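Trainee: In case it helps, TrEMBL gives these features for our protein:
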type     : residues  : note
DOMAIN   : B:443-471 : domain '4Fe-4S ferredoxin-type'
DOMAIN   : B:474-503 : domain '4Fe-4S ferredoxin-type'
TRANSMEM : B:25-44   : transmembrane segment
TRANSMEM : B:50-67   : transmembrane segment
TRANSMEM : B:95-113  : transmembrane segment
TRANSMEM : B:148-168 : transmembrane segment
TRANSMEM : B:180-201 : transmembrane segment
TRANSMEM : B:235-256 : transmembrane segment
TRANSMEM : B:297-318 : transmembrane segment
TRANSMEM : B:330-349 : transmembrane segment
TRANSMEM : B:361-379 : transmembrane segment
TRANSMEM : B:399-417 : transmembrane segment
Amino acid sequence: MEHIVIIGNGISGVTTARHIRKLSDKKITIVSAEADYFFSRTALMYVYMGHMKFEHTQPYENWFWEKNRIDLKKGFVKSIDTETKKLLFAEGDSLKYDKLVIATGSKPNKFGWPGQDLDGVMGMYHKQDLENLERYAPNNKICKRAVIVGGGLIGIELAEMLNSRNIPVTFLVRENSFWNGVLPEGESEMINRHIKNHHIDLRLGNNLKEIVSDENGKVKSIIIQETGEEIPCNVVGLTAGVSPNIDFIKDSNIEIGRGVKVNQFLETNIPDIYAIGDCAEQHESIGQRRPIEAVWYTGRMMGETLAQTICGNRIEYKPGHWFNSAKFLDIEYQTYGWVFSKPREHEAHFHWKHEDNTKCITVCYNTIDNTFLGINTFGIRMRHDIFDKWLTEKRDVDYIMEHLTEANFDPEFYKTFETEILLAYKKTLQTV
Amino acid sequence: MSNKINHSMSLAKPDAQDISKKQKIALAIGIIGLFILVLALFNTNFPNKSVFLTLALGLISVGTIVYSRDAYLTKLEGIKNDGVWFKSISSRGTWGWIIGVILTAFYIVLYFFPTLLGQGVDGAPNTGLISLFDPLSKLLSGRPASQWFVYGTLYTVAIIIFGYKFILKYRHNKYQQLRTVSVMFFQLGFAFLIPEFMYVMNSDLPYYDLKNMWPLNYYNFDQYRIDSFINNGTIGMALLVFGVLSIFVVSPYLTYKYGKRWYCSWVCGCGGLAETAGDSFRQLSSKKMSAWKLERWLIHTVLVFSVVMTTGVIYTYLGYDPSKYWLTKGLFLILVAIFLTVVFVLVMIFKRNELGKDARYGAIGFFIAILLLITMHFTGTIDEVFLIKSGTLRSAYGLYIGSIFSGVIGTGFYPILGNRAWCRFGCPMASILGFQQRLFSKFRITTNGGQCISCGNCSNSCEMGIDVRAYAQKGENIVRSSCVGCGVCSAVCPRGVLKLENDSMEGRINPTEILLGNDVDLMDLVNKK
């Protein structure tokens with residue numbers, strides 16, 4: 001029986017395994033050094049906040065794996081011998097495979113800051129990071145202040161986590177407005193205000209110069225590049241993005257760039273070895289997507305696709321319309337299609353913001369033929385299937401604005417804003 | 001994989017955040033109020049009962065209100081679940097067990113030893129706790145209090161003050177607010193005040209909480225009630241007709257339109273208490289597959305039991321005095337059998353596919369019920385069915401289901417089993433409404449395309465123990481008979497994936513393998529198979 005080995009038990013690896021099982025009878029083994037069972041990485045924050053226990057982040061009960069004949073192996077892969085098709089583990093044992101799927105995800109970026117490996121410095125990605133945080137920041141007596149470096153999605157989640165235990169947070173953001181490499185100005189500014197409303201000390205346009213150690217090799221303070229200010233703290237969260245977690249591949253003959261290089265079939269340069277999820281890097285970008293997509297949804301989609309290929313139906317990874325979501329403290333964010341931080345050539349944005357500063361939308365459209373290109377929505381839930389359909393049908397932006405009500409996904413009895421939005425939209429058209 | 005491998009995977013349980021000074025004061029005020037009740041329980045004879053009763057209930061209410069305001073109004077609007085799994089009371093810790101034991105003990109005394117609460121026997125005046133409530137009872141209906149009046153008052157106060165707390169907790173969520181106002185209204189008006197006023201107007205009528213319908217009020221068709229309905233002219237007959245209509249017409253129609261939530265989380269008193277005072281315990285319900293299996297066996301067994309028991313009770317008293325009731329014993333049994341058969345056949349013809357494997361269990365349940373009816377016919381005499389007194393059957397149901405299951409376990413075990421253990425495992429009404437909801441309702445929880453991140457907040461907060469995530473991560477709508485439509489899964493979802501909706505029956509159940517957002521050809525290939 002063909003043996004499929006998957007390194008990594010995150011969403012990409014597990015989705016692949018599940019779909020292979022649906023399609024075939026192959027032997028499947030999932031290898032992980034991080035956790036015994038698949039858990040939802042995005043939910044780690046809720047464990048620290050006390051909304052859930054760790055076991056609640058596991059989407060399948062423990063009997064699921066045996067019932068579906070998916071073997072789980074705990075072990076750290078040290079290297080891959082592609083000649084003999086064998087994995088070598090740090091623990092000393094080895095495992096033979098017929099086909100190998102690399103789905104090892106990401107690791108937090110470190111940019112060579114002095115002191116970046118001190119005790120009390122951590123990313124927020126792995127289960128072990130959570131355990132570390134629990135050790136160094138259990139409450140505001142042991143952790144009197146935490147500094148977060150890097151204004152992205154993980155940074156703001158870490159700020160929310162620490163906030164839930166009343167630990168004062170200083171949030172260093174390199175850009176002059178939160179996540180403005182991705183979010184248009186109005187949205188980014190709204191989130192700035194929201195962060196400050198939560199009593200988080202947001203420092204825009206500030207970089208980390210160094211992390212200062214105490215006599216025991218533990219964090220004592222950090223120094224800001226721009227001002228030279230020293231901020232005493234007990235924990236430093238490094239959340240300046242992630243990069244593919246592929247150190248163990250570097251000595252093999254599998255081609256790598258920043259990630260494991262794959263073609264559109266998710267195949268590496270070595271036959272029978274595939275890479276998916278955060279750690280895979282496309283030779284050529286697909287559409288306007290980045291070559292490395294470190295997003296839950298794309299990991300899942302690659303898994304769904306690769307299972308077909310492995311089970312004999314070789315197909316390309318051809319994702320549909322872009323979508324994503326996040327939550328910034330209390331404000332939910334969804335996006336469908338493409339809205340870039342600044343309109344590209346022949347693009348324009350329509351922006352509407354509610355006066356309460358917790359809801360806004362930005363609609364991007366083509367200025368030549370008025371085609372709707374994408375929407376960002378904050379504080380108003382919208383329907384994925386409707387926008388997916390509208391994007392496929394290449395509807396024009398007027399149509400979208402007039403039919404926005406159909407896309408509303410807020411709970412029943414919620415106040416709706418479509419009329420107000422449409423009015424604002426018509427008004428902008430007149431002034432142009 | 002991290003370079004920091006740590007094999008000790010246990011996550012220590014951190015301390016819960018300490019409460020603020022204001023919350024401590026509020027707690028103290030509430031405890032003083034409770035203490036007055038405890039003193040009364042131990043037969044302290046208060047000089048002016050109305051003053052002390054007002055003081056007790058007032059202090060409890062003020063304490064809860066001040067506490068809630070400080071807990072929620074000092075923060076921005078949003079999901080307020082920080083630390084629920086750290087707090088001892090809401091994570092089966094020491095406080096959880098202590099409260100559980102106190103509540104359970106209270107229910108045992110309430111149901112089986114009311115004299116300990118001070119219930120006067122054979123016309124003797126009340127003493128203790130119950131006598132403290134005499135002034136209020138006299139004010140409302142002119143009669144002294146009873147253990148049920150005390151219980152009803154405390155129950156209503158709990159729903160109102162904890163309802164207020166819940167409204168503050170979800171002050172960004174209109175759905176949560178409206179349905180909480182609704183349960184507060186129905187409890188105060190329909191369950192508490194109206195029955196008292198009805199007694200004032202016509203003291204021969206039995207206590208009737210109009211929103212409570214058979215089989216939840218399993219006693220509704222007992223002979224003493226039927227007789228007093230019949231003996232009370234138009235109003236009595238109207239109540240009887242209403243009782244029958246509400247289970248056979250009103251509730252199926254509303255469930256068809258809105259799902260069983262119209263009752264379970266907007267109207268019902270048991271649901272009302274669970275949603276308000278029990279809110280802090282919702283995460284404790286088990287989401288395991290095994291719990292779901294147990295649930296289906298238990299709740300349907302209770303349903304069969306309640307149908308057979310009620311049929312048995314009616315059957316025997318129909319025989320006492322054939323001149324009084326136009327319905328005869330034999331005809332009644334045949335009507336019940338015909339009704340069950342019609343329901344069974346229609347479901348098997350039209351809904352066979354939706355039931356799937358469960359159809360077998362439905363069939364088993366149906367044949368057991370019919371078999372019991374036949375046995376009833378052959379073993380039944382004027383006061384016996386199955387060779388046992390029907391009264392015995394009725395009291396067994398009242399004891400085991402009505403008291404022990406719904407009261408002692410259902411509410412007493414809130415801090416252990418979660419706040420909906422009765423609704424989930426025992427309530428025959430929930431079982432009937434759930435059956436309608438699963439098969440003939442426009443209601444579903446819609447999932448939003450491919451947006452689920454499997455975080456598990458939805459499952460964690462489901463008081464009915466539904467593994468909501470299992471559906472959401474497949475992009476599949478949630479159409480489950482047990483769902484009471486509380487809407488909290490939708491509220492806590494960080495990605496806007498869940499929405500409670502009433503929409504067409506078409507495409508309501510939509511299992512998918514590949515989620516929206518992927519290659520359309522692949523979706524077609526896999527999902528259309």
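Just so you know, glycine gets a Cβ as well, placed from its N, Cα and C.
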Trainee: State the residues, same chain only, that lie 6 or more residues beyond the ends of the transmembrane segment (B:50-67) and have a CB under 8 A from a CB inside it; answer 'none' if no residue qualifies.
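Mentor: For the transmembrane segment (B:50-67), the nonlocal Cβ contacts are 22-23, 25-34, 36-37, 40, 132-133, 135-136, 153, 157, 160-162, 164-165.
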Trainee: State the residues, same chain only, that lie 6 or more residues beyond the ends of the transmembrane segment (B:180-201) and have a CB under 8 A from a CB inside it; answer 'none' if no residue qualifies.
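Mentor: Non-local partners: 137, 140-143, 152-153, 155-156, 159-160, 163, 166-167, 170, 207-212, 265-269, 271-272, 275-276.
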Trainee: As a test of reading the model: what is the averaged pLDDT for the domain '4Fe-4S ferredoxin-type' (B:443-471)?
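Mentor: Per the prediction, mean pLDDT sits at 96 for the domain '4Fe-4S ferredoxin-type' (B:443-471).
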Trainee: Kindly say whether the transmembrane segment (B:361-379) and the transmembrane segment (B:25-44) touch, using the definition of 3 or more Cβ pairs under 8 Å where each pair is 6 or more positions apart.
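Mentor: No, these stretches are not in contact.
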Trainee: Check the transmembrane segment (B:399-417) against each of B:25-44, B:148-168, B:297-318, B:330-349 and return whichever range has the most CB pairs under 8 Å.
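Mentor: Against the transmembrane segment (B:399-417), the leading stretch is B:297-318.
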Trainee: Short question: which residues 6 or more past the ends of the domain '4Fe-4S ferredoxin-type' (B:443-471) have a Cβ under 8 Å from it?
Mentor: 81, 255, 258-261, 274, 278, 281-283, 285-287, 289, 291-292, 295, 418-420, 423-424, 437, 477-480, 482-486, 488-490, 492-503, 508-509, 515-518
Trainee: Would you kindly list the residues that approach the transmembrane segment (B:148-168) from elsewhere in its chain, counting only those six or more residues past its ends and only Cβ-Cβ distances under 8 Å?
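Mentor: Counting only partners 6 or more residues beyond its ends, the transmembrane segment (B:148-168) has Cβ contacts under 8 Å with 57, 60-61, 64-65, 67-69, 71-73, 110, 117, 129-130, 133, 136-137, 176-177, 180-181, 183-184, 187-188, 191-192, 269, 272-273, 275-277, 279.
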Trainee: Under 8 Å between C-beta atoms and at least six residues away from its ends: which parts of the chain pack against the transmembrane segment (B:95-113)?
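Mentor: Beyond its ends, the transmembrane segment (B:95-113) has Cβ neighbours at 87-89, 147, 151, 403-404, 407-408, 411-416.
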Trainee: Counting by DSSP, what is the helix, strand and coil composition of the domain '4Fe-4S ferredoxin-type' (B:443-471)?
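Mentor: Result for the domain '4Fe-4S ferredoxin-type' (B:443-471), in helix, strand, coil order: 9 helix, 5 strand, 15 coil.
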Trainee: Where DSSP helix means H, G or I and strand means E or B, what are the helix, strand and coil counts for the domain '4Fe-4S ferredoxin-type' (B:474-503)?
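Mentor: Residue counts in helix, strand and coil order: 5 helix, 6 strand, 19 coil.
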